[in-house]
Amino acid sequence: MRNTARWAATLALTATAVCGPLTGAALATPAAAPASLYAPSALVLTVGHGTSAAAASPLRAVTLNCAPTASGTHPAPALACADLRGVGGDIDALKARDGVICNKLYDPVVVTVDGVWQGKRVSYERTFGNECVKNSYGTSLFAF
């Protein structure tokens, strides 16, 4: 009986010595984060009256998420995301629509876009002469 107890204790210590470090290593290794199929595209757009974002307080703000599907508080997220995709995310490349007639009254409106577009940080600010000029750009991106 003594030899059996000694043999069992030796076997248990050997198993612990061999398997113990493996168990600890498995517990210490963090699980890999699953890779996303889509690069993040989430933006916050604001509009306010003034010559710059620093001088204007935002009148309205909306969110726009474009991946994997268009969503957010923007009134037309699918169209706004399509506008951005059409210019490869380059907001400066958005042009005014043809045939829009605006008055020359100077009442500056500033628009900001901050967030991430296809995994890249975006920080954009533009001042338009008035609300009509702002609405003539980017068929739906700035229409909120």
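Using N, Cα and C of the backbone, Cβ positions are placed for all residues, glycine too.
The following features are taken from Swiss-Prot:
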type     : residues      : note
DISULFID : Cys66-Cys81   : disulfide bond
DISULFID : Cys102-Cys132 : disulfide bond
SIGNAL   : 1-34          : signal peptide
Pairwise Cα distance for Cys132 (disulfide bond)/Cys66 (disulfide bond) [Å, integer]: 26
Fewest-neighbour residue among disulfide-bonded residues, criterion Cβ within 10 Å, set Cys81, Cys132: Cys132
Tertiary neighbours of Cys66 (disulfide bond) (same chain, Cβ under 8 Å, six or more apart): Ser41, Ala42, Leu43, Pro77, Cys81, Leu84, Arg85, Trp117
Residues near Cys102 (disulfide bond) in space but at least six apart in sequence (CB under 8 A): Gly129, Asn130, Cys132, Val133, Ser136
